[in-house]
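For reference, the structure is listed below as structure tokens.
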Amino acid sequence: MVILDGKKISNQIKDEIATEVAQMKERGEKVPHLAAVLVGNDGASLTYVGSKVRSCKRIGFESTLKHLPEETTEAELLQLVKDLNDDPEIDGYIVQLPLPKHIDEQKVLMAVHPDKDVDGFHPTNFGKMALDMETFISATPYGIMELLRRYDVETEGKHAVVIGRSHIVGRPISILMSQKGKAANATVTLCHSRTKNIKELTLQADIVISALGVPHFLKADMVKPGAVIIDVGITRVEDKSAEKGYYITGDVDYENVRKKASFITPVPGGVGPMTIAMLLKNTLLARERHMAKAL
Ligand code: NAP
């Protein structure tokens with residue numbers, strides 16, 4: 001069994017990006033600049049955004065954090081989005097989800113300019129991804145694909161079962177895995193909460209990608225020997241004995257499933273760090289595209 005070490009691979013990717021940034025600096029070019037918009041004080045969001053900003057520093061990007069209070073109105077947020085769209089210093093930016101309930105998430109994501117949408121959530125970018133065109137692929141599915149590629153995991157002709165159909169993970173990864181290319185060419189089954197007999201399907205799967213957010217959902221008796229297991233789930237489970245008062249766990253019963261798997265991602269240290277690395281990769285791409293446009 002091989003552990004798909006997202007931490008190690010994400011560090012390699014960050015090092016590769018840092019080398020490119022150093023070369024940009026040497027040539028006197030502007031370095032990539034990522035902005036993050038955070039509304040409110042959700043604990044998990046603060047952690048994610050903090051980690052993204054720290055990663056920017058480490059690889060030599062410029063970064064800006066726009067932290068707004070919970071009471072920010074939709075109109076105020078839309079104005080900030082417009083300002084970021086118009087700001088030539090900013091190459092790409094993300095609006096950290098979830099947003100407070102009084103703000104229409106879709107309206108905000110639609111307002112992000114597709115050329116700066118390094119999360120790949122805008123319909124233009126999602127559509128391009130589905131049509132196999134050059135775009136920003138959203139960071140989590142992009143990270144899964146990159147992990148499979150870098151470990152040379154055979155996917156061609158394999159049966160991949162994806163659990164979860166969200167717009168940011170399940171649906172895009174099901175599209176990407178079914179496309180032509182490396183780490184793709186799979187036959188994909190997409191499951192969700194209305195799917196009957198998930199176990200019957202996962203038992204047929206060569207690759208299981210679990211993205212539902214239910215701790216330890218995928219048990220050892222649901223996977224066939226030799227399967228590749230990708231655990232996207234990140235759930236905080238309350239634990240008074242833990243230093244932070246919680247621990248992080250995935251969708252997979254890791255200790256038991258790993259005994260049957262050929263490849264498996266741990267949580268933490270699997271898909272999570274890859275997501276950040278691919279966001280940085282998208283920001284570098286955004287800078288390169290803006291530079292090419294300006295020529
Ligand atoms: P989401 O929007 O809540 O979607 C969950 C999906 O799982 C839905 O399609 C839902 O079905 C399905 N589902 C829920 N319970 C199910 C069940 N018992 N059986 C079958 N399907 C079920 O979640 P998400 O944003 O995709 O995130 C999923 C997990 O990945 C979460 O733990 C999240 O924290 C994690 N995540 C991790 C990363 C990372 O970087 N590693 C990034 C993003 C998300 P319906 O559509 O029918 O409701």
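Along the chain as shown, the residues are counted starting at 1.
Including glycine, each Cβ sits where the backbone N, Cα and C put it.
Heads up, TrEMBL stuff is auto-annotated, nobody curated it.
Positions annotated as NADP(+) binding site by TrEMBL: G164, R165, S166, I234. The domain 'Tetrahydrofolate dehydrogenase/cyclohydrolase catalytic' annotation in TrEMBL covers 4-119. The domain 'Tetrahydrofolate dehydrogenase/cyclohydrolase NAD(P)-binding' annotation in TrEMBL covers 138-290.
Here the features listed in TrEMBL are painted onto the structure.
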residue: G164; record: NADP(+) binding site; CB count, 10 Å: 24
residue: R165; record: NADP(+) binding site; CB count, 10 Å: 17
residue: S166; record: NADP(+) binding site; CB count, 10 Å: 15
residue: I234; record: NADP(+) binding site; CB count, 10 Å: 20
Farthest-apart CA atoms of G164, R165, S166, I234, residues recorded for NADP(+), distance in Å:
16
Do you know the DSSP helix, strand and coil residue counts for the domain 'Tetrahydrofolate dehydrogenase/cyclohydrolase catalytic' (4-119)?
61 helix, 19 strand, 36 coil
If you average per-residue pLDDT over the domain 'Tetrahydrofolate dehydrogenase/cyclohydrolase catalytic' (4-119), what number do you get?
97
